[in-house]
Each structure stands twice: as structure tokens, then as C-alpha cells.
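Participant: Here it is, the structure, as C-alpha cells.
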Amino acid sequence: MESGKISVETETLSKTLIKPSSPTPQSLSRYNLSYNDQNIYQTCVSVGFFYENPDGIEISTIREQLQNSLSKTLVSYYPFAGKVVKNDYIHCNDDGIEFVEVRIRCRMNDILKYELRSYARDLVLPKRVTVGSEDTTAIVQLSHFDCGGLAVAFGISHKVADGGTIASFMKDWAASACYLSSSHHVPTPLLVSDSIFPRQDNIICEQFPTSKNCVEKTFIFPPEAIEKLKSKAVEFGIEKPTRVEVLTAFLSRCATVAGKSAAKNNNCGQSLPFPVLQAINLRPILELPQNSVGNLVSIYFSRTIKENDYLNEKEYTKLVINELRKEKQKIKNLSREKLTYVAQMEEFVKSLKEFDISNFLDIDAYLSDSWCRFPFYDVDFGWGKPIWVCLFQPYIKNCVVMMDYPFGDDYGIEAIVSFEQEKMSAFEKNEQLLQFVSN
């Protein structure tokens, strides 16, 4: 493989299936998907964790520790070791999780340079975009580097897990690895998604709408840059702006500028809607613990923003943040039926009809999803915390996912951004953006 000035060889050392250490009882062999799960695409969401050289620990010991603790953890997370059947339920047959071990012929730090991080991510994450009927529901890849550094990556069908579920699973798996020789840690995930959003019969989920022309890049905002954006928002009249709020407004405005620059046709002066959609974790709203398993997510969105509103930075920032705050408050008061992802998408499409728009793909909608505050940087298998955590979700046009990024004892934010090629070329050259990102 090649990327820029680096060429790296990889070798697959082994592939095996890891099954739960105790068989799943027959009474638990069917795990119903929730209505939310049924309407989520069968894509693979992957998270990778890079660790410095665990001094004095043999590779064989690391492999055995990970596999044994994974097997133990799957007793509690037994649906992960099963197969999705007809977009209806998971057959919890203990087929297991695929465990792949890979050798990467380079030093880890050589590919963790900023300009090569997308390449590093592609090397260590499982080579899946969708999860087919013959695939295991989840997959693990353990990668060894020449320097002794390693990466542990976990990928799972989005139909089974959201970001909160993945964070809980990784926390439990790591804790099981640390307490492998004892019974101090017994994972207790809450498998209640179907009781919150009951499954329905004959739900057909369409194929995932990837864009072949999309590219994905990461932009890192150090803590001081985020504080500047928050201070600017306060000057604009926003009370107590959050990190995610100011970055959502800032990045969506930069995206609009880039879109105008890349567009050959400027809509002849017409001001189309420019909705900003925000994903939301429903666990706090539903008063569920964070270890609740499934797709407990939905969206809310701005209703009145037009694409030409970006011309005034102050007014645009106020409009985006205030609109999203208002809509977030509304969603907290909805019934469970109205909280589902599908119900909110239907509401979104309905909101576009006043503009005579029947397909939301015809406009520049912008999706923001925050994985900040998920404790990914606390995932310690017994040899220290990760130095970098990376994420892959299949390319969605005009999408940004935010994650915490460590700066000493503080955290900035890493924004994983996906745009079509021409728009990305304009976006990454935006002078205002470059003032805030770290190299």
C-alpha cells in the first residue's frame, strides 16, 4: 500500500472466531431488533485504538488476553455473537465474532503523523463497509507494528449498535481484560431497545446511499481554538455555548462557503433551505442508563435556516445555535412514537414541502453527530490508555462526526468530515477554518 511518501506492507497472521465463554441459553436465542434498529442501514461502524509498546508483554500474551476477555464479555453481549435475520431479529446462535490478527511493517509513529492519519485508520480498521448475510455481526482486528506498538479495532453492524453501545462494550471488554484472572468485573448491559421502540413486521430498509464522489478528512481543533469560538459566540449574544454547538455552527458555515465556491450554478439567487441536522443520544431523554444496548438515537433539525444566511457570521451563528436549542427542547417533550429516527426523518421531509422540495437529497443538508464525552480514551486493556482513537462510518455526503482529542490533560475535538471532492477541496482551503485547526 502507498500513501504520500510512505509504503507499508501488511500481513494477515490469523483469523479465528471468538465465541461466548458460556453458551447462550435457548430461552435467549431470539433477540428482537427495535423499530429504530430495523430502520438503520446494515453498515459497519468501526473504532480503532492505538497503543504504545506494552513493555515486557509478549504478542502471544496480548492476543490471548484479548481473545479470552472478549469471549468472557460476549456472555453478556450475546447478540453480538449472533446473526441478523430478515431485518427482524438476531439469532443468538453463538456463531462468534471474527478475530483477525495483522502485522503492519512500519513503526506506528511513522503513520500517526497528521497528514497520514487517514491512511493509518485504513490500515488498522476492519475491511468492511457493509455487513453481509454471511459475515459475523461484529469483527475485531489486532494489528502489530514493528516498534511494538499495537492497535485494537472493533467493528459492528450499525443495525445492532450505536456509538453509545460501542463505548459501553469497549469499556466492559477492557475491564474484563484487566480482571481476567478474577470475577471482579461482570458486564451488565441493558438489552431493552425492543421494549422502548417495539419491532414492527415487514420493515424494509433500503440500501445505504453512499456517495462515490465523497472523501473523508479529519480536522483537529485544540482546546484554545474551541475556547475562542465559544468566546466569539458569547460576543454574538449566545448564552453558555457548548463545544459541540459552536463547532456545529462554525463547520456548517465553512461548508456552505465551500459549497458556494464549488458550485457551478449559484441557484440564480434563489435561497434554498440549508437544514442542519443534529444526531441525539436518547438515553438521557428516556432516563435510560448509558449501558443500554441498541440504536437509542434520533435526530432534530433546524427549520428556518436558508443557505444565503451564511453571509453574516454573527447572525448565522446565532440562528444555528438558537434553532437547534429550540428543536432539542421540543424533542425532549415528544412521545416515544415521535422520538424514533424514522418519525423525525418524516418530519424533516415534511418541513421541506413549503419549498416544493420532495427529496432531501436535492438540497445541501448538513448532518452533525457528536461522539464527544464517550469514554473511548479510557479504554485500557492493561497496558495503558490509547494515544489515538479513530472512527470509520461509510461516507455520507455533508456529514461531520466529532470526537474528543487529547491535548495533555485537556481535550480538543477531532472532526471527521465527509464532502464531495470539489467541496472538500474548497473546504480545506478555507482561511477561517485554517485559523482554528491544529497541524
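Yeah, the Cβs are placed from backbone N, Cα and C, and that goes for glycine too.
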Participant: When you get a sec, could you say which of 205-232, 289-316, 317-344 is annotated coiled coil by Swiss-Prot?
Facilitator: 317-344
Participant: Within a 10 Å radius around the Cβ, which one of these active-site residues has the most neighbouring Cβ atoms: H158, D380?
Facilitator: H158
Participant: Near the coiled coil (317-344), which residues from the same chain, at least 6 beyond its ends, have a CB less than 8 A from one of its CBs?
Facilitator: 35-36, 39-40, 196-197, 232-233, 236-238, 241, 245-246, 248-250, 252-253, 276, 278, 280, 282, 285-286, 295, 297-305, 309
Participant: State the mean pLDDT for the coiled coil (317-344).
Facilitator: 90
Participant: Taking the Cα atoms as reference points, how far is D380 (active site, proton acceptor) from H158 (active site, proton acceptor) in Å?
Facilitator: 24
